[in-house]
Amino acid sequence: MTAPWAALALLWGSLCVGSGRGEAETRECIYYNANWELERTNQSGLERCEGEQDKRLHCYASWRNSSGTIELVKKGCWLDDFNCYDRQECVATEENPQVYFCCCEGNFCNERFTHLPEAGGPEVTYEPPPTAPTLLTVLAYSLLPIGGLSLIVLLAFWMYRHRKPPYGHVDIHEDPGPPPPSPLVGLKPLQLLEIKARGRFGCVWKAQLMNDFVAVKIFPLQDKQSWQSEREIFSTPGMKHENLLQFIAAEKRGSNLEVELWLITAFHDKGSLTDYLKGNIITWNELCHVAETMSRGLSYLHEDVPWCRGEGHKPSIAHRDFKSKNVLLKSDLTAVLADFGLAVRFEPGKPPGDTHGQVGTRRYMAPEVLEGAINFQRNAFLRIDMYAMGLVLWELVSRCKAADGPVDEYMLPFEEEIGQHPSLEELQEVVVHKKMRPAIKDHWLKHPGLAQLCVTIEECWDHDAEARLSAGCVEERVSLIRRSVNGTTSDCLVSLVTSVTNVDLPPKESSI
């Protein structure tokens, strides 16, 4: 009876050793950085891996293969990636990426790396000069079959019960249509870092793509239509503009029931205009810069460009969910328009697609949207955007310290009148029937620039949609107001306080 129990104990001991090694074995990796001079690091050597207790550690390698010549890019430690679990060898499987990437578990396992395409293409291997086997190597290979098999079974059961893969394998072959080509799609690794926002259609992560930070908007499978719509807007010719969010890639990640739909875009650390105004009071010049670049972005989005920089025809596009949460800020407070999931294109001879009337964020809905009386024509949708722009401009003015008076805590439009979570009926009563708008404070009107800007705001949110300004007109006005105020001396400012008509604003005829 003792022999079977001894064998079982021996098996269990090797199992425990193998299990322990699976998560703790990777302590050091081969290090290499081709850009060591620019990044001011060592070129090569060994890297000691450090991470959180519940995270697994791996080694990775990335390289280029130009006509059979292997060019190393980077090697080093990599943190807790599901694709690296239980891989003793560093093997890349992508067909033809611009940069090959592989990861593995085990000390120095990235010393040797291999490209082995899943389709069965030729194997390309980089192998360092051979070294004589050591006793430790012989022992490791002797225990590897038993320990490895046991570890795989345990890990498979544990992962099934406790977690799903944090970063799935790229799977774009079932895509409903080809994403626009992007030079960064093939670059690896991409690692999710932290959730920055949650919205109607999913969450937005800050992620790292090689040496750059990017934003990853993750849609659940049930919101596939929104992901597809936003991807199609981004793929429209002429969508590259300094005041529109930069698109990088669209991908499917995972498989079967674990599929997630990713949109990868530029990352802006200051976040949305809403978040920035909550925590910051802005100056007059900052207000003008945000307002001018924001209106420039919306003006370009609305514009129909017959031949845009050789890319083809850029149609007029209505945003349909314009709000301060969907305006991002660059490091210099330049505004960038984002979230085109509800946007609609107006192409000659083609229907504009889904033009359901009551879409967007309820608080920012124009009167005609709230009462369901929309004219389903291009100009009607652009004017709806302009009503929302008036509300966002009001948010900017409400947090500006230029006027001689108190700056209140940040509040959303109509929050003072009907609270943070208004119903559709409450908004209809206030906006449509009572024709109320957010309050314009008396002390704002004593500042020459803010007073003129308030006139522009009122012409953006006019109850009569046809009387509203265009985005291009708002851009012109803000630029003119800024120059007129900044170009005056303090003596002139005193005289301007009593009259805000000293500067001729662009006429309403420049509206849509």
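Cβ from N, Cα, C; glycine included.
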If you check Swiss-Prot, which of CYS49, CYS104, CYS109 bonds to CYS77 via a disulphide?
CYS49
Could you check which of 95-116, 425-446, 491-512 is flagged in Swiss-Prot as region 'Interaction with DYNLT1'?
491-512
Looking at the disulfide bonds in Swiss-Prot, identify which of CYS16, CYS59 pairs up with CYS29.
CYS59
Tell me the Cβ neighbour count for ASN42 (N-linked glycosylation site), meaning other Cβ atoms within 10 Å of its Cβ, over all protein chains shown.
12
Which of ASN65, ARG198, VAL204, the listed recorded positions, has fewest other Cβ atoms within 10 Å
ARG198
Cβ distance under 8 Å to GLY202 (ATP binding site), same chain, sequence separation 6 or more: which residues?
LYS217, ILE218, PHE219, PRO220, ASP223
Measuring Cα to Cα, how many angstrom lie between ASN65 (N-linked glycosylation site) and VAL204 (ATP binding site)?
33
ASN42 (N-linked glycosylation site) to VAL204 (ATP binding site) - Cα separation in whole Å:
34
